[in-house]
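The following features are taken from Swiss-Prot:
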COMPBIAS  40-53  compositional bias 'Gly residues'
COMPBIAS  57-69  compositional bias 'Polar residues'
DOMAIN    130-217  domain 'PDZ 1'
DOMAIN    226-311  domain 'PDZ 2'
DOMAIN    379-465  domain 'PDZ 3'
DOMAIN    501-571  domain 'SH3'
DOMAIN    627-802  domain 'Guanylate kinase-like'
MOD_RES   Ser139  phosphoserine
MOD_RES   Tyr673  phosphotyrosine
REGION    33-101  region 'Disordered'
Amino acid sequence: MHKHQHCCKCPECYEVTRLAALRRLEPPGYGDWQVPDPYGPGGGNGASAGYGGYSSQTLPSQAGATPTPRTKAKLIPTGRDVGPVPPKPVPGKSTPKLNGSGPSWWPECTCTNRDWYEQVNGSDGMFKYEEIVLERGNSGLGFSIAGGIDNPHVPDDPGIFITKIIPGGAAAMDGRLGVNDCVLRVNEVDVSEVVHSRAVEALKEAGPVVRLVVRRRQPPPETIMEVNLLKGPKGLGFSIAGGIGNQHIPGDNSIYITKIIEGGAAQKDGRLQIGDRLLAVNNTNLQDVRHEEAVASLKNTSDMVYLKVAKPGSLHLNDMYAPPDYASTFTALADNHISHNSSLGYLGAVESKVSYPAPPQVPPTRYSPIPRHMLAEEDFTREPRKIILHKGSTGLGFNIVGGEDGEGIFVSFILAGGPADLSGELRRGDRILSVNGVNLRNATHEQAAAALKRAGQSVTIVAQYRPEEYSRFESKIHDLREQMMNSSMSSGSGSLRTSEKRSLYVRALFDYDRTRDSCLPSQGLSFSYGDILHVINASDDEWWQARLVTPHGESEQIGVIPSKKRVEKKERARLKTVKFHARTGMIESNRDFPGLSDDYYGAKNLKGQEDAILSYEPVTRQEIHYARPVIILGPMKDRVNDDLISEFPHKFGSCVPHTTRPRRDNEVDGQDYHFVVSREQMEKDIQDNKFIEAGQFNDNLYGTSIQSVRAVAERGKHCILDVSGNAIKRLQQAQLYPIAIFIKPKSIEALMEMNRRQTYEQANKIYDKAMKLEQEFGEYFTAIVQGDSLEEIYNKIKQIIEDQSGHYIWVPSPEKL
């Protein structure tokens, strides 16, 4: 039977196969907001619609289409073990089951003609199939999808593919779902050949417990190789990552080669490659060891070193279905807090790099038939329980409240993806009776916190589920907060009052990761620099309630964020002292006006302003009818500017500068320059703030006028400006709000990697200049971009410009926080 034929008894199958046969195009799942991609086709080959974090309340309409990259990253197989293959259906029965004991997956349907169903029956050994049950968390299911018959993610494949696993979400906690898995079924809904919006709808309506059937390509077999390597002047000449507590690939404790150092022993030998897995060094087994142990084993070797490595199979080369490159996917996630790609030195034999910190190992109970965290409240034991947790990068992963008047210590919040959450043993509403034998039945909050802090790496907790007591305690806290709020409003004290600011919007001027804040009183909300937040309750001095605002509307998820006061207090404590830097306003040397002095925009304009601690900037929404100017700052800005204009000349342009220099014979006034006859007139215009930047070179004035920029903007083109950070503020004052993007280098080594002709001293100078630039103008940036290659940075910048090119933008508000 042809795969597009249907069973007359199964309307659902008929509709799906009819759609597949006709290839009927419906509106993309991300709604009517999307405009044609100015950077080429974005919806076809490999472009994701980016649905992420399915919520039990609403489904975000779209998280942004990713421009097609110019180069394809090297793909590293994950080696992930896959679950059982569904059994063959019994002839004559219409209810085949997965895993033997699961619910009926195809009621009233005897369809066995689908390609994937034939593969389940073992007709294709390239794929494995798995049933995955996920419990919808606070942030939804925790993954993004792309694809469908109306918008294939992979050429000639209408499947629905997983494009992103969100850290800390339900899918990441479960650990079985992976990027590039193809979703075949959501509960009773077949999504193997449907339009994208149908898959989104199925996930949205799936309920709190979601059963997925997924298909994934089987990992290729590894090749074991023995390599004898003679150390050179740079040691063995390669970098490693991974190990217990420092997983390079989530769920995998292996030690991986992540870099081959140019000119080193490994490169000269030629057999080792990035992505190889180290199994042993000399007689020391490197499987399931800590990162530090692997480094020590490689360091404590003689000149001749015996290595045993596992090389990944070549099946996934240039394969759209291949597993993701986890090296690039996961290492960037923690850059806000520590540079995990920074070199720790060669350690004599090998360069060591710290990777994305993975969650602690999950005990077997996580995959028990009925995990504790899925039990109904009435089924959960009320007897004291013994729980053993192992601290991770986020501590134990839960918050406590109580300790007043002998009321007890209660668990108030469990961090998604943290040790407590992954164990499934601890619940919100648990009363902590003891920690490592220390009795906490009558402890104060401070005593309980101290006991948990001193508990060491392995913590034994005795807890008792007391939801009624905790509920009474919560009610008491709520009443106290209401009293404090009313008192604050009536007294007129405090920084922000709900009664005064019922709808307050701010732009975040820093990155915040809720998983790294152990002091959160309740569910937190993570955000990045430049994100717009709707603060719906700012009455508390320490914590605000807020939700994220996307280009397509407000998120339904409400979370707690640190208040402006708390951010500044913590930062001052970190710095110990507040540093002040006068803003000189000195013009940058650039291509258009080399050697300009700062005679006309000197220290007098911005001098005296403090380097304030950046937290939040109040903003308001404004409608505009022009194309916003674009200012790129930081390393490689010239290359990015050139690429934007050359690739999209119909969308980007440059303005004509002014000068008092006499016109040359081959120059055209108004085309090469606006030639100003009177120096006095140009000086007056500069003083009247009609120029965003100006300076003097060889006794002639040069400058970029606001009117020149406006002329380009009103023609519908983004005016590319090669100017200093001072120009951002001047454009804002002129009601021409630029898209200001700062390229922030990850490290000196990263700069050298992107431009191998640079010396360390040159890269160090560029890095220092970039850090000073961020310190001086950070509050004016629209976005901050980082990447491991120029291609990655360029693609991110294009996406930011597209996101910021609508008719409605967020601009600074005169309100004071």
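Numbers here mean position along the shown chain, with the first residue as 1.
From the backbone N, Cα and C atoms, a Cβ is placed for every residue, glycine too.
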(request) Can you check which residues sit near the residue listed as 'phosphotyrosine', meaning Cβ under 8 Å from its Cβ, same chain, 6 or more apart in sequence, and list them in order? (result) Val656, Pro657, His658, Thr659, Arg661, Arg663, Glu667
(message) Let's see if you can do this one: DSSP helix, strand and coil counts over the domain 'SH3' (501-571), in that order.
(response) 11 helix, 28 strand, 32 coil
(message) Averaging the per-residue pLDDT over the domain 'Guanylate kinase-like' (627-802), what integer do you get?
(response) 90
(request) Going by DSSP, give the three-state secondary structure for the residue listed as 'phosphotyrosine'. (result) strand
